[in-house]
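A.B. asks: Below you will find the structure I want to go over with you.
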Amino acid sequence: MSFSVDVLANIAIELQRGIGHQDRFQRLITTLRQVLECDASALLRYDSRQFIPLAIDGLAKDVLGRRFALEGHPRLEAIARAGDVVRFPADSELPDPYDGLIPGQESLKVHACVGLPLFVGQNLIGALTLDGMQPDQFDVFSDEELRLIAALAAGALSNALLIEQLESQNMLPGDATPFEAVKQTQMIGLSPGMTQLKKEIEIVAASDLNVLISGETGTGKELVAKAIHEASPRAVNPLVYLNCAALPESVAESELFGHVKGAFTGAISNRSGKFEMADNGTLFLDEIGELSLALQAKLLRVLQYGDIQRVGDDRSLRVDVRVLAATNRDLREEVLAGRFRADLFHRLSVFPLSVPPLRERGDDVILLAGYFCEQCRLRQGLSRVVLSAGARNLLQHYSFPGNVRELEHAIHRAVVLARATRNGDEVILEAQHFAFPEVTLPPPEAAAVPVVKQNLREATEAFQRETIRQALAQNHHNWAACARMLETDVANLHRLAKRLGLKD
């Protein structure tokens, strides 16, 4: 069945009801999935020859963490190259990027696929993808109808990108709450902790303040530093990295400030230090808590006065460097213990950032797992790498003391193990491919068998009644929102509620 102007109007209304970009995007694709009766839909942003999922419906959650490079996904490349609706036949030789990523149908391949490139003028900004398990699922919809859908989606995405651009240039009126970022590609995560961290990165990036980034080993502190630099006015200049923990005391001063020829044995020529290399840019000092007190004093002088002295040189050099420092230690405790200078701590922690451990990030672990699965797929030349339901359950219940780095290594190892036990270039990661110690999984919910006191019809109606009551409570008795949650038509929901005695 085709859709009417009323359907398009309802889609537009849903977009206006959304609070923030993410909510609008989710409402858009959820509504589209219902209207077009497809098995899965996704809104993707285009950036640097890759598609980045912004919102999905009907797909495994880890899709949100994947980055679909065009070189590895010929269907998406065909969509990017097209200027119009793209329909892929059921017998298309081009693999579908979502094969194995529709929950409950991991072993089946997508049969119907439509791609809608999204443009602003002549510029590609994203795509809508619609997938179904039936070969002729989208034949009833004309290209013209699908173009109208694409126009609505392109408008929503274009507005979000424009708002983000204006906000970054401080051109939005008033003191509105910052919009959530659309262009963040590296900082994967939708948990409250990561959402707050992204907002703080946007705020501090625009300034020239020194930043102290704290967090456990493997949480991604270097990625935070990179995000700050790339969003700052210094982004056109270098970001220089130095791991303080790997610096032998004998060469640490030379690494930081450079040396002149003959300053010490082996100094056969003049050499610039990291501060000179980072002039007009950013210097990232990782594991700064490992620096000796003597070097801390010299670093403090640079932060105070902006000049350095090469080892063996009496002359001072002016440098303009923003310092981002990271540590997995509690520097306040280090100050109290006399192992870190209090004055340096206060100089560095003008704007402190804390990176949450993976165990506190909820479903972010699944998004990150999807990202690493896609990386493995590309590096090893596989057609697909997907997580089984059991593997996802295991990842969600493991504490990951090594944080994101441990997850990355675990995914890479699991892919190698799974590939060794399976022929072909399709890999499904099962729970047994992960070697996590002492993971206690919750027992199955259906452990107890209830005593039957109703016939099947009464039991079904009781279940429907309670489900609708709970959905209404969660949506503040908004019937339209309740229908979206239950994935049903609002008119059908009203009729069912009347039959069940929930409405007059």
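Just so it is clear, glycine is given a Cβ too, placed from its N, Cα and C backbone atoms.
According to Swiss-Prot:
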- ASP57: 4-aspartylphosphate (MOD_RES)
- 187-416: domain 'Sigma-54 factor interaction' (DOMAIN)
- 215-222, 278-287: ATP binding site (BINDING)
- 479-498: DNA-binding region (DNA_BIND)
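So that I understand the layout, could you describe where these features sit and how close they are to other parts?
C.D. replies: Under DSSP, ASP57 (4-aspartylphosphate) is assigned to a strand (E or B) in the three-state scheme. Sequence-distant contacts (6 or more apart, same chain, Cβ under 8 Å) of ASP57 (4-aspartylphosphate) comprise GLN26, ILE29, THR30, LEU32, ARG33, ALA40, SER41, ALA42.
The Cβ of GLY218 (ATP binding site) has 20 other Cβ atoms within 10 Å, all protein chains considered.
Here the DNA-binding region (479-498) returns a mean pLDDT of 77 for the predicted model.
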A.B. asks: Out of LYS221, ASP279, THR282, LEU285, which of the binding-site residues is least crowded by other Cβ atoms within 10 Å?
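C.D. replies: Comparing Cβ neighbours within 10 Å for the binding-site residues LYS221, ASP279, THR282, LEU285, ASP279 has the fewest.
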A.B. asks: Short question: which residues 6 or more past the ends of the DNA-binding region (479-498) have a Cβ under 8 Å from it?
C.D. replies: 27, 30-31, 34, 464, 467-468, 471-472, 504
